[in-house]
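Lifted from TrEMBL, the feature list:
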type: REGION; residues: 1-26; note: region 'Disordered'
type: TRANSMEM; residues: 44-67; note: transmembrane segment
type: COILED; residues: 388-426; note: coiled coil
type: TRANSMEM; residues: 484-510; note: transmembrane segment
type: DOMAIN; residues: 485-717; note: domain 'ABC transmembrane type-1'
type: TRANSMEM; residues: 530-552; note: transmembrane segment
type: TRANSMEM; residues: 572-592; note: transmembrane segment
type: TRANSMEM; residues: 622-642; note: transmembrane segment
type: TRANSMEM; residues: 698-720; note: transmembrane segment
Amino acid sequence: MSIETEPAPDSLPAAPTAPSSNTGLKRRLVGGGQSLAARSEPMLWLHGGALVICMVMIVGLLLLVIYQGATTFWPGAITQVRTLDGDTILGEVARNDRYELGYGDIDMFSDPVREQALSLLNPNFQNKFTDLRDKHGLADFVIQQSPSVERTLQKHVSGLPQVKAAPAVDRKALVDGLTAAFAAKQTDVSAQLATQIETALQADDSGAALFALWQQWKQTDETWQGNPDPNAMLAAVQQDDEVLESLVGNRLLTLQSYDVSIAAKRRLFRTGNYELTNEHFTWVNDFAIEADSETDPEWAVLFERLTWGRFYGVPKELQIDGVASETDASPDNTWSRFLELHPEVRARWAQRRELEISETGEINHELEQARLELRGVELAYGNGSPQWEQAEQEFQQQKAQLDEAFAEIREQIQDLDKENDRYQLIVTTSAGQDHAIPLADIVRTYPANQLGFGQRLSIYFSRWWEFLSDDPREANSEGGVFPAIWGTVVMTLLMSVVVVPFGVLAALYLREYAKAGWMVSIVRIAINNLAGVPSIVFGVFGLGFFCYLIGASIDELFFETKLPSPTFGTGGIMWAALTLALLTLPVVIVATEEALAAVPRSMREGSLACGATKWQTIRRIVLPRAMPGIMTGMILAMARGAGEVAPLMLVGAVKLAPELPMDGRLPFVHLERSFMHLGFHIYDLGFQSQNSEAAKPMVFTTTLLLIALIALMNFLAIGLRSRLKKRFAYSQF
């Protein structure tokens with residue numbers, strides 16, 4: 001007897017299904033028996049593609065800024081070219097460009113350059129003209145182009161009236177005498193227009209037959225007797241192929257009656273020598289350069305100066321007291337003598353600058369403090385009181401001592417200037433002019449075409465050091481950005497000191513103390529909406545509330561002696577920090593709330609079960625473990641605040657700050673002072689600079705520096721956050 005058992009459900013055979021041709025096709029296409037839709041969701045591809053596009057855009061932007069900013073200070077070669085005009089251009093090639101050169105662009109060129117441009121354009125013109133003539137016929141092509149010819153005539157002949165066309169006329173052809181012939185289909189042509197065309201036609205010998213036809217038509221045009229047929233006139237002109245082709249081929253199409261152009265190359269030369277040429281840069285077309293005239297002169301020297309920008313030329317001689325210092329005034333000997341004397345002259349210039357800024361500035365500060373003390377006595381006791389008279393006497397004594405010290409410093413400065421003025425370098429420009437450059441005005445100089453790689457690298461890093469450590473010059477287009485770096489760092493740190501405590505306290509109350517309700521919901525909505533308010537609105541609020549209201553009140557209470565000159569009643573670094581603190585406050589609040597919510601509830605309950613109060617639980621349990629999230633909010637706030645420009649333009653950022661917000665004079669941190677900011681510096685270079693071409697590379701370099709500065713501050717904060725995470729790491733089941 002056998003026992004039959006039923007098969008397990010897992011081993012049941014599947015019901016047979018009829019094979020589908022589509023299923024088989026999908027299997028053959030994708031393999032593995034799965035369709036394309038089953039292997040990946042379409043939205044997954046969409047999301048991945050969007051992520052890739054965003055990453056490419058970000059990386060591309062960073063690479064562009066890094067490339068443009070990092071190559072700004074690399075010393076290039078100095079090139080000399082001679083143009084067909086006879087001018088000699090000497091300078092650095094700043095940019096290469098391609099553009100479309102057409103017949104309408106050659107009017108601005110001189111005769112030799114225009115002829116060269118025409119020699120390049122005419123082959124293209126002849127080819128297009130021949131193709132159109134063979135394809136459409138010469139006569140039909142002239143008729144087709146007649147409206148363009150009329151517009152050309154009205155553009156290039158001054159004082160032309162508007163010509164009214166009669167409805168009965170079907171066609172018209174107007175050929176400029178400067179450019180072509182006249183084959184009209186007009187019933188009303190003014191006498192002025194007729195006279196101008198007649199005069200132009202007389203000057204064209206090849207238009208004799210057409211001129212006779214024009215004379216015949218003009219006789220009937222005065223009274224318009226007989227109503228001549230324009231079509232018959234045009235047919236008569238077309239019969240004279242030699243005249244028509246000569247006139248049309250001569251100028252008809254060359255004045256934009258047909259679009260003929262070539263791709264031309266040009267280079268932007270940084271020529272400097274602004275006091276002689278009134279320009280820093282010059283565009284030079286490649287076709288305008290004489291053949292085999294481009295060279296790299298051995299003794300072409302670049303001079304970076306305190307004023308007037310760069311200068312390019314060949315050293316001729318070095319003069320001391322107006323007399324050449326060497327008998328053999330060759331460029332080699334002159335350069336050697338210059339290298340001997342220039343360090344001494346620059347050392348005296350640095351000594352002079354130290355006296356002018358530090359010593360003179362200290363005397364002016366003491367004099368101003370003495371004046372304010374006298375003003376305070378006057379406000380307290382009145383002008384003419386015994387106390388005021390005594391204070392006035394003390395002020396005059398102190399002023400006399402300070403004036404004497406100031407006179408001594410001015411005498412030292414004048415002696416240094418007198419000694420430095422003895423030394424001048426005579427430089428010959430590419431135009432053959434001799435120009436004297438004081439040695440004290442030369443910041444950096446080098447023969448660009450004699451440098452090796454190591455020397456170029458040394459100049460490159462020297463320029464970077466100047467950029468990071470020196471003050472700006474030449475309307476911020478040259479020199480350094482040290483005041484802007486300092487102002488950006490100090491303002492960002494002050495903003496962080498303000499926004500983090502207030503943001504953390506607000507988030508603590510909303511998360512730990514406030515009961516859920518409509519009021520808390522409104523506050524959270526307001527905080528989220530505050531993050532979307534345009535930054536310029538915060539700037540207007542900071543200007544009106546902080547500067548004009550709070551600052552003016554502070555001046556009246558504590559700085560009455562300085563009135564009416566404002567101290568805190570105008571833009572300053574403190575008001576800028578507070579304004580940006582308001583701007584970034586929602587970022588810190590939201591990040592802190594999320595960090596507090598991430599702390600497990602069990603840890604709170606365990607602390608409370610051990611007898612700790614709510615505040616003790618928050619301070620010892622919640623806050624330490626939420627600190628990494630709080631640091632994340634601070635990092636985001638610093639990155640947002642350091643890059644803002646619009647509000648700073650209203651509450652403290654300036655183009656050039658004479659004093660830093662921090663120095664060695666009590667109270668060391670001067671919150672009332674205006675400051676320079678890298679973001680505002682970028683805006684000023686890009687949109688307010690008189691020398692836009694020279695400022696363009698500095699825009700990228702300053703942008704690169706701002707990105708690097710923000711990244712450095714963020715990396716420091718990220719490192720601190722990582723240490724906090726390791727300190728409070730814990731495990732959970």
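Note that Cβ sites are derived from N, Cα and C of the backbone, with glycine treated the same way.
Keep in mind that what you see is a predicted model, and the values were worked out from it rather than measured.
Contact counts against the transmembrane segment (44-67), taken as Cβ pairs under 8 Å, peak for 698-720 among the stretches 484-510, 530-552, 572-592, 622-642, 698-720. Listed as Cβ neighbours of the transmembrane segment (530-552) (distance under 8 Å, sequence separation of 6 or more from its ends, same chain) are residues 566-572, 575-576, 578-580, 582-583, 585-587, 590, 644, 646-651. Predicted-model confidence for the coiled coil (388-426) is 94, expressed as mean pLDDT.
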